[in-house]
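Straight from TrEMBL, the features:
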- 58-76: transmembrane segment (TRANSMEM)
- 88-108: transmembrane segment (TRANSMEM)
- 151-171: transmembrane segment (TRANSMEM)
- 192-213: transmembrane segment (TRANSMEM)
- 219-238: transmembrane segment (TRANSMEM)
- 250-266: transmembrane segment (TRANSMEM)
- 278-295: transmembrane segment (TRANSMEM)
């Protein structure tokens, strides 16, 4: 195979784009930025992203998709009040919005029209921050080679958040206006207003810390799920199994946290060796059991009452 010979590319992410191919002859352009959907190989040639995302990649995308849903549910519960009957319908609507946004995002991604994406393999942390690796051969002129080396794991999250926001603005106000009868006019739309704040925050978080989140999200899930479960159980004054079983809502919260525990464990282990990794899921109930066994020594109800009294 005859390949056009040109000077070697400088920089970690600069590559040569294929301009012409005729049989065994390939002609490449000058060293520069690779087109969207391509990244450089070891020989500094831009190659299309044709691989399927790994399990860990899907778990990362699932984590980023869960963030707005969990925040929706938190603020809906926060602003609905105990007497409101609209919370359940808003929870279902938020789930529908995020699910539809995820499906639409996959359908509009390459290849278009199927629930499947092609991707480039993530090799190292710098793949997420190619803008920091533009070379300056003469220390004056910068060769701009910034492109999405982790295609599409970086931009697909922004597309998903955009669809979430659009669907929320189309569906949620109508629902809240019709069924949120137990809330005052000023409180009905507070959960929607909260979303208008946290979506920009999530967008900036992905833009700045996407690569860090990619490697850290399993541990973030485990730590946050453990902390929130402990806070919830202490705030609800759950000190034994009876307190846990007396209300369905408490069981739902418990099982939700167990799912998050399992999600974090699977993300860390990546299920590379099933016979070794699957038994780790038996640890999922351990934090809740540990709390129940040790609650009698700490007495959360007494601590809460003393805190309320200012002692």
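The backbone N, Cα and C atoms fix where each Cβ goes, glycine too.
Automatic, uncurated: that is what TrEMBL annotation is.
Among the stretches 88-108, 192-213, 219-238, 250-266, the one making the largest number of Cβ pairs under 8 Å with the transmembrane segment (278-295) is 250-266.
Remote same-chain partners of the transmembrane segment (192-213), defined as residues 6 or more beyond its termini with a Cβ less than 8 Å from a stretch Cβ, comprise 60, 63-64, 67-68, 71-72, 75, 79, 125-129, 150, 153-154, 157-158, 161, 164-165, 168-169, 172-173, 176, 220. Long-range Cβ contacts of the transmembrane segment (58-76) within its own chain (Cβ-Cβ under 8 Å, at least 6 residues beyond either end) map to 87, 90-91, 94-95, 97-98, 102, 153, 156-157, 160-161, 164, 168, 190-191, 194-195, 198-199, 202, 206, 213-214, 217-218, 221, 263, 266-267. A Cβ distance under 8 Å defines the sequence-distant neighbours of the transmembrane segment (88-108), meaning residues of its chain 6+ beyond its ends; these are 65, 68-69, 72-73, 76-77, 80, 114-117, 156, 159-160, 163-164, 167-168, 171-172, 175-176, 179-180, 191.
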